[in-house]
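Notes to accompany the following structure.
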Amino acid sequence: MSKLFRAVIMGPPGSGKGTISERIAQSFGLQHLSSGDFLRENIAANTEAGVLAKTYIEKRLLVPDHVMTRLLLPRLEEMTRHSWILDGFPRTLAQAEALSRACELDVVISLNIPLETLKERLRHRWIHPASGRVYNLCFNPPRVQGVDDISGEPLIQHEDDRPEALVARLRHYKDVAKPVIDLYKAKNILHTFSDTDTDRIWPHISSLLNTKIRTDQSSAQRASTN
Ligand code: AMP
């Protein structure tokens, strides 16, 4: 890939962001950068930001914007020679504005998944509370049922993943994400995908990225031969 390519993926809990990001990374050679994974690495390494972030994550709250941008933006600066897909950041308008100042995005993918599907997926979700590792009994089960693969500790189901709590969480997600989505819509880089099934969404995302990446490559080639 001659021109660098920068993409963001957005979606509510259970929308399949992580799965789709992995497929994009594998199929198109982009680095998958996940804000959640990055926070978990910081928690495991007991960094100052990690200790602070943990208190919010445990309460299922968003980590404050200034903590997130201070963590994420230097990481993106290290990636100036790589194409990437950013998963989980930005989550708020302040984060999106900070990201816009740091780099130009080519594509924003927004996953718009029906509530019933999200409820069903989260019903099968188990987490390892100490690390934040997430399992799904349908498509990403632990090796031993009810047990974390790495630590061997028990997995739990989160109160917040219960259907009643999910509606409130989703409403919160939509309120916070709306100005971010509006910003990317106004920049003409937003692409929204709606379906109940990740495998049905994937071909559309794949063909979008094929077009975008190939178009960018040929225009970069044209520029270099002119
Ligand atoms: P995730 O793995 O993306 O679900 O993230 C796990 C948790 O990390 C979230 O529930 C938030 O508490 C926190 N988090 C991840 N990304 C962000 C972000 N961009 N802004 C604020 N908090 C975040």
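Positions of Cβ are set from backbone N, Cα and C atoms, glycine also.
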Further binder of ribonucleoside 5'-triphosphate named by TrEMBL next to Gly14, Ser15, Gly16, Lys17, Gly18, Thr19, Arg125, Val134, Tyr135, taken from the candidates Thr196, Thr198: Thr198
Candidate ranges 34-63, 64-93 [criterion: TrEMBL lists as region 'NMPbind']: 34-63
Other CB atoms within 10 A, centred on Arg125 (ribonucleoside 5'-triphosphate binding site): 18
Shortest C-alpha distance to Leu61 (AMP binding site) - which of the binding-site residues Gly14, Gly16, Tyr135: Gly14
Lowest local Cβ density (other Cβ within 10 Å) among binding-site residues: Phe89, Tyr135: Tyr135
Listed binding-site residues with Cβ under 6 Å from ligand 1, out of Gly16, Gly18, Ser35, Val63, Arg91, Tyr135: Ser35, Val63, Arg91
Counts of helix, strand and coil residues, the region 'LID' (124-161), according to DSSP: 3 helix, 13 strand, 22 coil
Listed in sequence order, residues with CB under 8 A of Arg169 (AMP binding site) and six or more positions away: Pro12, Pro13, Arg60, Asp160
